[in-house]
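Taking it in order: structure first as structure tokens, then the write-up.
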Amino acid sequence: MAAIRKKLVIVGDGACGKTCLLIVFSKDQFPEVYVPTVFENYVADIEVDGKQVELALWDTAGQEDYDRLRPLSYPDTDVILMCFSIDSPDSLENIPEKWTPEVKHFCPNVPIILVGNKKDLRNDEHTRRELAKMKQEPVKPEEGRDMANRIGAFGYMECSAKTKDGVREVFEMATRAALQARRGKKKSGCLIL
């Protein structure tokens with residue numbers, strides 16, 4: 001039996017960990033150097049609830065320079081991973097300010113998984129010191145959950161691509177959301193207006 005194909009698009013601020021998350025999931029290796037993404041695609045196979053799913057992973061650039069280019073990734077999306085970084089409260093603030101309006105405009109009715117990346121930095125001393133200088137602290141799990149409720153996300157997950165903690169679970173939840181979303185709808189997905 002042929003695998004079910006689903007398209008996943010990952011969005012979020014620049015440097016919040018989107019590409020690392022995709023690379024660790026699809027290639028099982030952590031890239032140590034940061035290279036801003038323009039557009040990359042990966043394919044990964046995942047089995048969820050006894051179903052074989054071929055997940056097309058569409059990486060996007062978070063930097064504002066790409067705001068006009070990014071919508072080219074959105075057509076026919078089955079699920080969105082909307083990311084912020086646990087060591088950056090500002091990236092969480094951009095979820096309702098920037099990312100939710102953009103995604104809901106181009107991808108109405110597509111399920112969103114809110115993902116807190118860089119979970120390993122929540123208790124990292126250096127990270128806490130740097131944030132304290134700006135009177136900030138790492139994002140708490142309940143703040144992530146509250147945000148997921150606020151934006152009407154399908155679910156909230158936290159992970160660390162560096163330690164691989166929670167990575168597989170993020171994509172399992174995303175795949176389940178993509179599979180459920182198709183039921184009862186002929187063809188939703190994203191449209192370019």
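Cβ coordinates come from backbone N, Cα and C, glycine included.
Looking up S26, S160, S188 in Swiss-Prot shows the phosphoserine annotation sitting on S188. Annotated range for motif 'Effector region' in Swiss-Prot, selecting from 34-42, 43-51, 52-60, 169-177: 34-42. Your range for region 'Switch II region', going by Swiss-Prot and the list 61-78, 115-132, 133-150, is 61-78. By the criterion of other Cβ atoms within 10 Å of the residue's own Cβ, the least surrounded of the binding-site residues F30, Y34 is Y34. Across the region 'Switch II region' (61-78), the DSSP tally of helix, strand and coil residues reads 7 helix, 0 strand, 11 coil.
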